[in-house]
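Asks: Pasting a structure here, questions to come.
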Ligand code: ADP
């Protein structure tokens, strides 16, 4: 029998990202994006082995967009779908793994909405729209936070009064769990070990960035916290700042909380430091052209990344390897080289040729002789969501 098919759905407030994945395969049969939903510019883009295509959508929103996927799925699926896997951002403490979607699961995702007010409601819109057009298929929720539920309390608690945790859920949750889990499994497989073996540090560097310490398949600590703002310097997010910054800006500039939230989430990070761009490619070019802001932004990004990795290393009993992934981690040899300059303390030494010559899109080792392993591994969150959805169905049958 042909390997099973899963539709992977990642729904935002005005977009739906989707992919039709075959079990065990590293390539999507069909992938695309419906965007600018609920506007006259609503459009569907998709990509297959036949190339890229687009089609205007009615301004009817997520339900219409989801319905317009059905003929495409029919065209490229050679068997009925076995599952629809939905990415959901925040599972709080309720979800420690994938969940078969039913009314109780939907209620729990709703209950976690205060922790992810922009994302969870949008994810629910996607779940409802997909269930409406594919009612006979099992729908599975995969949470960005679930992988990190294995963190011990000393890693996930803030030094705040207990009531804020016990009553209001204020703790570190972590995100990017699907990616950290996927790349650490791939790292183990590349070593010839079972997928859940090894002591790894993983750096997921995209527009959002986070690090994770993983031991034998379990997250022990990660750099993001209650929200994805904590930790590393990111495209437009500041990462860690002095928590008193809020009070300081309020007192000295009269800024209110929405203004400060915008500053820290949208105007900071690489963009704020460089005064130029949140895009690492652009910054690398500007740095070459002598732009001081771009140079500083990249230096701060790499130093703070290295400092976080060195801090997370204490969560592990030993280090079997460091993994770079995400758009920056996979493609920016400069970022990897500048970060690794600070990490000799962990026994990590980069081979400059291997680092610069790694073929785009491929996994490979970039450590020098005698160094602890350093890997670049392309992440594939959609594949992980598809595989986890099928594992859950197999386990519940
Ligand atoms: P997202 O978090 O939105 O999925 P990505 O993982 O695609 O983001 O990462 C986007 C980042 O990757 C951008 O900063 C982009 O500039 C960077 N990037 C992509 N390709 C390269 C490259 N060849 N060199 C340096 N940076 C790159």
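Note that Cβ sites are derived from N, Cα and C of the backbone, with glycine treated the same way.
Here TrEMBL flags 10, 381 as Mg(2+) binding site. Per TrEMBL, the feature ATP binding site maps to 17, 204, 205, 206, 207, 208, 279, 280, 281, 327, 328, 329, 330, 331. Residues or ranges marked as substrate binding site by TrEMBL: 87. Taken from TrEMBL, the feature active site, proton donor/acceptor applies to 144. The annotation site 'Transition state stabilizer' is assigned in TrEMBL to 176, 237.
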Asks: Where the record says 17, 204, 205, 206, 207, 208, 279, 280, 281, 327, 328, 329, 330, 331 bind ATP, what is the longest distance in Å from one Cα to another among those residues?
Replies: 23
Asks: Less than 6 Å between Cβ and the nearest atom of ligand 1 is the rule; apply it to the recorded positions 10, 17, 237, 279, 328.
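Replies: Among the recorded positions listed, those whose Cβ sits under 6 Å from ligand 1 are 279, 328.
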Asks: To the nearest whole angstrom, what is the C-alpha distance linking residue 205 (ATP binding site) and residue 237 (site 'Transition state stabilizer')?
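Replies: So the alpha carbons of residue 205 (ATP binding site) and residue 237 (site 'Transition state stabilizer') sit roughly 13 Å from each other.
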Asks: State the Cα to Cα distance, in Å, between the residue listed as 'substrate binding site' and residue 10 (Mg(2+) binding site), rounded to an integer.
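Replies: Given the Cα positions, the residue listed as 'substrate binding site' is 5 Å from residue 10 (Mg(2+) binding site).
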Asks: What is the total of other Cβ atoms whose distance to the Cβ of residue 176 (site 'Transition state stabilizer') is within 10 Å?
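Replies: So the Cβ neighbour count for residue 176 (site 'Transition state stabilizer') comes to 29.
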Asks: Can you check which residues sit near residue 328 (ATP binding site), meaning Cβ under 8 Å from its Cβ, same chain, 6 or more apart in sequence, and list them in order?
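Replies: Expected: 205, 206, 209, 280, 335.
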Asks: If you measure residue 330 (ATP binding site) to residue 237 (site 'Transition state stabilizer') at Cα, how many Å is it?
Replies: 20
Asks: I'm trying to understand the geometry here, so how far is the Cα atom of residue 381 (Mg(2+) binding site) from the Cα atom of residue 237 (site 'Transition state stabilizer'), in Å to the nearest whole number?
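Replies: Here the two Cα atoms are 22 Å apart.
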